[in-house]
């Protein structure tokens, strides 16, 4: 009755207010949904990255544990190189098998299998009475790591929304760095114990993340793209509803995935072996392989694993005395690596992949060259020690802010769905072989041309990586996985969305101006 007394204008007013209230409620609901989906994908990415902690911990802890293994088991320098480097070589078997395994049993259960195999190896290593048994444990740990480093980025890329895919896909590299830091801290914490006991505890602690990986299996979903490949469309839709911020786009995304997966022409794809297509690729796939495998190899041949595995040797050559002081210096390296990988996760989807790769590779080249000069000309002095620590920390910082995480982001983005698992496995193999060759030859090469001379070689290779990034790596920021595939198939990738060095210069200038103004 009161509405009638106020006339039509009053009615319209109240109707408009009700409409505004409904719109506000709808906006609030959409914001809550967006926030909920982001948190859900974040949790999935964290749990999927736990296997990477195992890899990082093994890399970090072995750099210190090897000192005490030498004292306890009386191994030779050659055995030391084999023990350190064999994990990367053996892991290629896991990476090669990981693609086929993940296509057969799913991305989620492949991660579980990787954790079980690694933990078995870690347990055997911690109880090893001699070098032979230690190598058996190392073999199993390598297989598990091969599975883990290959499947985690693929899984995260396939569940992440386009706008945040770069940040989430870099999580495995973040957790590798966290594991390296924990390994360094473990070395320092247990170094005071008996040489017969301390290295066993250091290696055994790596089993602990298995508890969280077990919990993860009850939290994370299967990849929606893998579910589509298996014709489990309803399950894929349910996962997409949880991981996409806009519910209206779910059906569109699902149809896009079905088309790319070849759901309609599944029999056609089954007739053509994936490995045959990779070994005899089309021009588009060849460009993908050059970009993906090339960036993986450059990530390792620039010597990052030598820097991490043999950081005590580097600092000893610079003039630091005593095991405790050496291990304390490595903790500084671990903190630097972890801090800068966290910076990368905030920049990768804002700045883009390519500018960060330019900054990373140019910065690494500078630091590696500086380290070579320091060790060759200023060793065994306080200035030389400080410069060596600065150059090593600078090298791992530039690595962690660019090529470290972006390498895995790119290889999980650029390959088509039907080839993604196997092609990513191939890239991981290139990475692991390169890592193994560097780790197993570092001490021998350093003896021939000195430690400083070895880092001059790494600096030269790093300079080549700058040219590779400029010529072969496209910008993939803001593009869906399906759009990236079409970009490689339809045109030269470096001509599509390419960001030149001049753009990076302007970007850095704008950043400096922004800081000055603020």
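Cβ coordinates are placed from backbone N, Cα and C, and glycine is handled just like the others.
The coiled coil annotation in TrEMBL covers 233-267.
Residues or ranges marked as domain 'Major facilitator superfamily (MFS) profile' by TrEMBL: 44-477. Per-residue pLDDT, averaged along the domain 'Major facilitator superfamily (MFS) profile' (44-477), amounts to 84 for this model.
According to TrEMBL, the feature transmembrane segment maps to 40-69 (among others).
Outside the transmembrane segment (81-97) by six or more residues, the chain places 58, 62, 66, 69, 75, 114, 117, 131, 134-135, 138-139, 141-150, 305, 309-310, 425-426, 428-429, 432-433, 435-444 with a CB less than 8 A from a CB of the stretch. Summarising the annotation, TrEMBL assigns transmembrane segment to 81-97 (among others).
Residues annotated as transmembrane segment in TrEMBL: 109-128 (among others).
Taken from TrEMBL, the feature transmembrane segment applies to 135-156 (among others).
Proximity of distant same-chain residues to the transmembrane segment (168-189), defined by a Cβ-Cβ separation under 8 Å and at least 6 residues beyond the stretch ends, is recorded for 41-42, 45-46, 48-65, 149, 152-153, 156-157, 160, 201-202, 205, 308, 324, 327-328, 330-331, 333-335, 337-338, 341-342, 344-345, 348, 400, 404-409, 412-413. The annotation transmembrane segment is assigned in TrEMBL to 168-189 (among others).
Here TrEMBL flags 201-220 (among others) as transmembrane segment.
The transmembrane segment annotation in TrEMBL covers 326-348 (among others).
Taken from TrEMBL, the feature transmembrane segment applies to 355-375 (among others).
Taken from TrEMBL, the feature transmembrane segment applies to 387-411 (among others). Counting only same-chain residues 6+ beyond the ends of the transmembrane segment (387-411), those with a CB under 8 A from a CB of the stretch are 153, 157, 165-166, 169-170, 172-174, 177, 291-292, 295-296, 298-299, 302, 304, 307-308, 311, 314-315, 318-319, 329, 332-333, 336-341, 343-345, 347-348, 353, 356-364, 366-368, 370-371, 374-375, 378, 423-424, 427-428, 431, 465, 473, 476.
Annotation comment: TrEMBL describes 449-469 (among others) as transmembrane segment.
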Long-range environment of the transmembrane segment (135-156) - Cβ separation under 8 angstroms, sequence gap at least 6: 44-45, 48-49, 51-52, 54-55, 58, 82-83, 86-99, 101-102, 107-108, 110-111, 113-126, 128, 165, 168-169, 171-172, 223, 408-409, 411-412, 420-421, 424-425, 428, 431-432
Contact check, the transmembrane segment (201-220) vs the transmembrane segment (40-69), 3+ Cβ pairs under 8 Å, seq sep 6+: yes
Spatial neighbours of the transmembrane segment (40-69) far in sequence, C-beta under 8 Å, 6+ residues away: 75, 80, 83-84, 87, 111, 114-115, 118-119, 122, 134, 141, 144-145, 147-149, 151-152, 155-156, 159-161, 164, 168-169, 171-184, 186-188, 191, 195, 198-199, 202-203, 205-206, 209, 212-213, 215-216, 219-221, 242-243, 305, 308-312, 323, 326-327, 330, 334
